[in-house]
């Protein structure tokens, strides 16, 4: 008799959480459409369309055993690199506001960096799994080789996204790599040394900035990342730049503050904020539903992350665990960065808020990531004679 059985289950808790987030997104886009009339005309209908399409994608992803995705790891990674590099030489590359981040096919635009996030998660999960299958002993050589593999895959993606320029998405790549380094099997002394070194470098740069802000800004302005200087200045001294680079940040705080405890009510907007349907959708929720509504969003995100971590811990196959943890790294940074910039805790970066911000490409990718997690969950193996307390 087969000593194990496979339970194929749909994680209703995670599915419900995602459905609630998307429902809030659609409703918020609808209120923007109704209040601002033709400014956001039909965006909520587009979001519904993309949700239906991405739901079909989730079902397709779940149909294939997640372990088989290891076969596609290298093709997906190579495709991702080509998609990012192709922006610079393919005729469909589309530049907007000085950033070369999109392909344009007629009226449809696609942002390849969104797809590459998931491609990288799959590739890193495969590489870490393969490394641990081949290496028996864990020593310094093990640590350095595995660390080299992770960084060797992540750095080209990081650089290609950063030079678009898109610092926000490149930091998502760094977050994915960091989360996977932590659970990859690399010894803690090596992990602490690596992260400690990164912390020292960042702390040194922060000290240098506050010691000589003008000099640092002038230096950045002479690089291809001159837009970063504007955002740092807007974050550090928003009222000095309230009519230019800090305008969006100040109005974001005004909108969130005006919502107070319970908000102004549905469709009650008084503060105009550019790109409110995408990067700044959190401010729309906060203005309508106040601290209570904002807290509900944060709790839903917490429950989503918590559940994915649970699934990662319960998974008995390393590849599935690494997939889930990489996806946690992707979502966690984006959520923290987007909400952080909305309340002026962090500089503006242009990262969308997962499942809430308007955008077909981003919603498709986030749903695909959830599809992988649901795949891992639905195909977990339960042993017949395994203790329930184990």
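Here the Cβ of each residue, glycine as well, is placed from N, Cα and C on the backbone.
A quick note: this is a predicted structure, and the numbers were derived from the prediction, not measured.
Copied from TrEMBL, the annotated features are:
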type	residues	note
TRANSMEM	12-30	transmembrane segment
TRANSMEM	50-66	transmembrane segment
TRANSMEM	73-94	transmembrane segment
TRANSMEM	114-132	transmembrane segment
TRANSMEM	144-163	transmembrane segment
TRANSMEM	169-186	transmembrane segment
TRANSMEM	191-211	transmembrane segment
TRANSMEM	289-307	transmembrane segment
TRANSMEM	319-336	transmembrane segment
TRANSMEM	356-376	transmembrane segment
Which one of these stretches, 12-30, 50-66, 73-94, 144-163, has the most C-beta pairs shorter than 8 Å to the transmembrane segment (114-132)?
73-94
With Cβ-Cβ distances below 8 Å as the criterion, list the same-chain residues six or more beyond the ends of the transmembrane segment (73-94) that contact it, or say none.
100-105, 109, 112-113, 115-116, 119-120, 122-123, 125-127, 153, 156-157, 160-161, 164
Using a Cβ cut-off of under 8 Å, list the residues of the same chain at least 6 residues beyond the transmembrane segment (289-307) that approach it.
11, 13-14, 17-18, 20-21, 24, 256, 259-264, 282, 328, 331-332, 335, 339, 354, 356
Relative to the transmembrane segment (50-66), which of 12-30, 144-163, 169-186, 356-376 accounts for the most Cβ pairs at distances under 8 Å?
356-376
Is the transmembrane segment (356-376) packed against any residues at least 6 beyond its ends, judged by a Cβ distance under 8 Å, and which are they?
10-11, 14-15, 18, 21-22, 24-25, 28-29, 43, 46-47, 49-51, 53-55, 57-62, 64-66, 69, 108-111, 114-115, 117-118, 121-122, 277-279, 281-282, 285, 297, 308, 311-312, 315, 320, 323-324, 327, 330-331, 338
